[in-house]
């Protein structure tokens with residue numbers, strides 16, 4: 001085939017790069033794709049701060065580039081979106097929507113519907129029935145005004161038109177809905193569980209009804225309609241049984257995919273070929289190719305998170321390139337200028353009101369029938385009113401099938417944008433975080449719905465443990481004296497894992513505080529739980545994993561997460577093996593959460609206030625987070641998260657601030673290697689990394705706060721595995737003998753620990769530390785974080801900041817401790 005010279009030479013030969021050429025149609029396509037993608041990201045940046053889904057930015061991009069806005073600029077549409085280029089743009093957009101519907105099919109979990117069958121059917125169906133009926137009612141007026149006498153489109157029966165309008169009114173966008181649930185931290189809430197189940201049911205029903213409408217629109221007579229429906233059902237049954245069983249057999253017989261959860265190249269080839277074959281078949285029988293792709297997504301095996309890995313391989317290309325083009329193309333078909341009559345805006349407002357009222361009222365009724373509280377029921381209705389992506393697809397299918405005119409299409413696009421935009425703020429209004437916390441305590445029997453605590457019979461404010469080996473053990477530090485600390489118990493240590501750099505310090509701390517040592521009569525076991533907290537992104541694979549966190553029973557969740565993390569991160573695997581060697585009772589969990597919901601997600605992993613949550617951060621990272629708190633990204637800094645934990649953690653909290661190890665001599669390295677190799681069988685108490693001492697800073701010599709007592713108990717527990725204990729007491733006088741005697745009495749059962757008490761003053765703390773401990777590098781200093789009233793907005797007290805500054809020059813680690821409020 002001959003290639004034109006000016007095409008090869010390009011702009012050098014004075015060719016207009018935006019001129020459409022049959023020999024190089026990709027030139028104008030590449031320009032259009034880049035323009036759409038960049039403008040979409042530019043619009044999404046500000047609305048993301050309002051917790052709005054990306055589909056709004058994608059559709060608004062198309063509206064801006066279309067006849068409604070930029071189309072008024074002379075020759076803009078002619079040059080940037082010439083009519084000859086639209087078929088190529090449409091082709092790529094339709095490939096994107098086929099793959100996108102396949103991904104939506106992967107999101108549909110039939111087993112989750114089975115588990116929540118009652119609420120899925122009741123909420124899903126009632127929530128569809130009411131807006132469907134309202135849609136049938138308003139369809140008569142829309143048909144009479146815009147369709148019956150239309151010369152643009154061929155004649156259509158009212159019943160077909162009515163069903164389409166009703167489907168457009170009652171649909172719920174499950175992909176957008178699931179993202180909103182995750183953003184609002186509702187994915188594991190009672191409301192979130194119901195909405196997920198109902199959303200899947202609503203989605204499935206909506207696609208079936210849309211397929212029916214397209215069939216009715218494309219069929220020339222009633223007999224053809226029946227044949228198309230029978231062929232569609234037969235194809236779905238063929239996929240569900242022979243194809244699904246054959247797919248499972250091949251994946252198990254010829255690959256290792258279902259065991260590893262990682263799809264191989266040959267598996268992806270087979271699955272994607274099935275997607276395109278199914279899309280081709282449903283298109284040639286007169287339905288739409290997206291339904292065939294959706295069907296294949298539903299039948300793919302869910303074993304070991306297999307669908308998550310398939311989604312990971314596809315979603316970047318689909319969501320970054322193809323889907324923005326599809327929704328921008330949908331926006332290009334919107335012409336707000338056509339809504340130039342009062343009746344047009346009257347119908348637009350009426351559609352918006354009926355869509356919102358129908359979905360909210362339907363969800364409210366269904367929620368009350370399932371015995372939910374009225375705010376929970378209202379929240380279900382608001383969440384189910386979300387239209388988003390699926391509605392755009394439905395409307396685009398209707399426009400391309402000749403069911404609705406461009407004017408009606410524009411009216412419904414406006415309705416979609418408004419309802420989707422209102423979903424998040426209305427949910428926060430009717431179901432705020434404070435109310436959710438009260439409901440959680442109410443359902444657990446801890447408080448009334450208005451927040452008043454319920455005192456159960458047999459309970460005690462002293463926090464006594466009524467079961468166990470010792471009847472006088474307790475877990476509350478309220479009104480406790482030093483000589484009682486030997487009976488205090490930390491019920492569990494929760495380790496928050498963020499990255500691999502912190503794991504060695506947590507391993508050392510875990511060994512030192514959990515190993516019983518020789519004084520087992522005066523020591524006690526502590527259960528260990530590791531939580532790997534990962535950042536939730538807009539990826540569909542993350543959405544699928546987040547929904548799995550609440551889709552199955554606890555054992556299944558644990559197995560799923562452990563399998564998933566074995567491939568993505570070895571952190572939990574390392575901690576599990578390490579604690580098994582120590583003989584600790586160990587549990588682990590991987591959770592996904594948006595940064596602003598981290599505090600709620602972490603608190604969800606805490607069972608009771610007597611647990612101790614430990615987080616780690618490097619001193620340099622802490623310094624950077626303090627500097628970042630003053631710039632535009634300050635709300636996403638680590639400082640904000642740990643500051644919230646110090647003020648709002650549901651348990652005791654400790655922040656382990658680590659320093660980089662200083663270089664040591666070769667002999668010291670060899671000594672440490674011997675220690676690491678033999679620490680499990682070492683007769684003498686010894687830390688893993690050769691740390692000999694633990695140090696405590698107390699800033700009062702006459703009274704101790706709950707955080708002071710917790711710090712003292714942590715040191716008491718660590719002393720069973722460390723040789724030396726140094727306690728520095730800030731004093732203004734020498735009248736502290738009784739105070740010192742109580743501390744020595746506390747440590748007296750531990751005969752192997754060498755206790756030293758040093759009195760110091762604020763301005764001489766650094767010198768006293770150096771005198772008492774010449775090898776302070778890499779040692780651990782425990783300090784309580786007692787915030788004064790004028791420091792409530794700060795992360796650390798002044799005394800803690802002073803010790804952190806000293807640690808920067810001396811190289812020791814600091815554990816900052818804050819006791820829980822019972």
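Even glycines carry a Cβ here, placed using N, Cα and C.
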(request) When you get a sec, could you say which of 120-143, 264-287 is annotated transmembrane segment by TrEMBL? (result) 120-143
(request) Quick one: sort out which of 6-25, 226-245 is the transmembrane segment according to TrEMBL. (result) 226-245
(message) Pairs of Cβ atoms less than 8 Å apart decide it: which stretch in 26-44, 226-245, 290-308, 345-366, 378-403 has the most with the transmembrane segment (120-143)?
(response) 345-366
(request) Please work out whether the transmembrane segment (163-182) lies in contact with the transmembrane segment (409-431), by counting C-beta pairs under 8 angstroms that are 6 or more apart in sequence and asking whether there are at least 3. (result) yes
(request) Determine whether the transmembrane segment (409-431) and the transmembrane segment (320-339) share at least three Cβ pairs under 8 Å, counting only pairs 6 or more apart in sequence. (result) yes
(request) Residue list, the transmembrane segment (378-403) vs rest of chain: Cβ under 8 Å, 6 or more residues beyond ends. (result) 53, 55, 59, 97, 100-101, 104, 123, 127, 153-154, 156, 160-161, 164, 167-168, 171-177, 180-181, 186, 191, 194-195, 198-199, 202-203, 206, 210, 213-214, 217-218, 288, 290, 326-327, 330, 333, 355-356, 359-364, 366-367, 372, 409, 412-413, 415-416, 419-420, 422-423, 426-427, 430-431
(message) Against the transmembrane segment (86-108), which of these stretches has the most C-beta pairs under 8 Å: 26-44, 56-74, 226-245, 290-308?
(response) 290-308
(message) If I count Cβ-Cβ pairs under 8 A between the transmembrane segment (26-44) and each of 56-74, 290-308, 345-366, which range comes out on top?
(response) 56-74
